[in-house]
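Participant: Next up is a structure, given as structure tokens.
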Amino acid sequence: MPFWLIAITFAVFVFYTDDYMIAGVLPELAADLGISESAAGQLVSTYSLVLVLGAPLIAFASARRSRFSVFVGAAAVFIVANLLAALADSFWQLIVLRILAAGAAAACLPAMFALAPMLAPPEKRSAYIGIVSTGIVGALAVGVPFGTLCASVFGWRGNFVVFAGLSVLSTALLFGVRAHLNKPGELVSARTHLTALSSRPVVTVLLGNTILLGGALMMFTYFGPFAADFSNSSLRQRGLLFAVAGVAGLVGSVAGGIYVDKKGPSAALRIGFGLFLGTMVIFSVLTAFAPIPLAVLVLLTLVWSLSLYWNAPAMQTMLLDSAPDSATQVLALNSSSTYLGVTLGSIAGGITLSLFSPFALPIAAAALSAVAFVVIEGYARRAGAAGRPQPDSAERTT
């Protein structure tokens, strides 16, 4: 694996993990600042919201700048914002600093995902996208436990110092691969970007991604109460399940990218959607026989998480094929659609849980997954019938 790919993946991990690092210490943070825990939770929501709104806007604003200069400038803001957050003595100071940190992350993340396929050998393009995506999976898998561990040693303020230090390390790694990263942005007009980004293929994939993640994160967000009812699992056992989900997600992201390079994104998505939908259906059927042995739940969790992250490289490859001259901008929109799906999934999961029971979650997730598949597969079939080139066409003719 090239060193530049390691540097980019680590940077993605740092920027995404910063979103979740305080989730496990909200009670302590709230008590220290004299606010409610629900108000403290807005620090996490604010970071996510800035990523949703900021990534596309900043990607357009910085389109013609050297990517390396964007990285270094944003990293400096990120480091300072985290250091000052450790000194904040009010909720509103912390909110402003979280907005600055999230804005810095929004400036970097789309360009990092765009650089991976740009610098990769053609036969490894999607595999490299999958490797960079492990930074996101790693953030989801270790963000909360790592932040909780750091806070137990240094206090919640120490979390911000630790992540400022990780960002310094990440920036040093990027300096080490500057020759690979010091590339100009896409030298095309804003009108060209807008035309590409508003095209039907791009909108279709983004819509499908949002719907799929809405269903998947509905299940992930409320997996604790579901697992407790499904198998009478203890807190420690549920911790094991989340660890299994994290490892499976890492494997799925890398394996999905490799498969896309060999068979194309459409073929990969059929497998990913099939496994995810099948797992949700099995979950739904087995709820009638609950409690189910923990070993069965572990196996289903492994397949579910692997299939979810398997889809990420295929989705991103489809977007890049649809807007090759607007890679950074289209991946910025992909980041926004991802966070939008996460947000909507959390809301929908809460409504489902309040109206029904945890056992209704896989049914709702399966329904949304089926809709997402129909959206993407339906467009692919119409495009093929119209004679437009498909992402898998090169593979099918070889």
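From the backbone N, Cα and C atoms, a Cβ is placed for every residue, glycine too.
A TrEMBL annotation is a machine prediction, not a hand-curated record.
The annotation domain 'Major facilitator superfamily (MFS) profile' is assigned in TrEMBL to 4-381. Summarising the annotation, TrEMBL assigns transmembrane segment to 43-61, 68-88, 94-116, 128-154, 160-181, 202-228, 240-260, 267-286, 292-310, 331-353, 359-380.
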Participant: With the transmembrane segment (331-353) as the reference, find which of 43-61, 94-116, 160-181, 240-260, 267-286 contributes the most Cβ pairs under 8 Å.
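Facilitator: Answer, by Cβ pair count: 43-61.
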Participant: So if I exclude everything within five residues of the ends of the transmembrane segment (68-88), which remaining residues of that chain have a CB under 8 angstroms from its CBs? That is, six or more out.
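Facilitator: Sequence-distant neighbours of the transmembrane segment (68-88): 11, 15, 18, 62, 94, 97-98, 100-101, 103-105, 107-108, 111-112, 157-158, 160-161, 163-164, 167-168, 170-171, 174-175, 178, 181-183.
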Participant: How about the transmembrane segment (128-154) with the transmembrane segment (43-61) - do they touch, taking at least 3 C-beta pairs under 8 Å (6 or more apart in sequence) as contact?
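Facilitator: In this chain the transmembrane segment (128-154) does not contact the transmembrane segment (43-61) - fewer than 3 Cβ pairs sit under 8 Å.
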Participant: For the transmembrane segment (160-181), what are the same-chain contacts with Cβ under 8 Å, counting residues 6+ beyond its ends?
Facilitator: 3-4, 6-8, 10-11, 14, 17-18, 21, 67-68, 71-72, 75-76, 78-79, 82-83, 85-86, 115, 119, 150, 154
Participant: Which range wins on Cβ pairs under 8 Å with the transmembrane segment (43-61): 94-116, 240-260, 267-286, 359-380?
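Facilitator: Per the Cβ count, the answer is 94-116.
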Participant: Compare 202-228, 240-260, 267-286, 359-380 by their Cβ pairs under 8 Å to the transmembrane segment (292-310) and return the stretch that comes out on top.
Facilitator: 240-260
Participant: Six or more residues beyond either end and a Cβ under 8 Å away: which residues meet both conditions relative to the transmembrane segment (240-260)?
Facilitator: 126-131, 133-134, 136-138, 140-142, 220, 223, 227, 233, 267-268, 271-272, 297-298, 301-314, 317
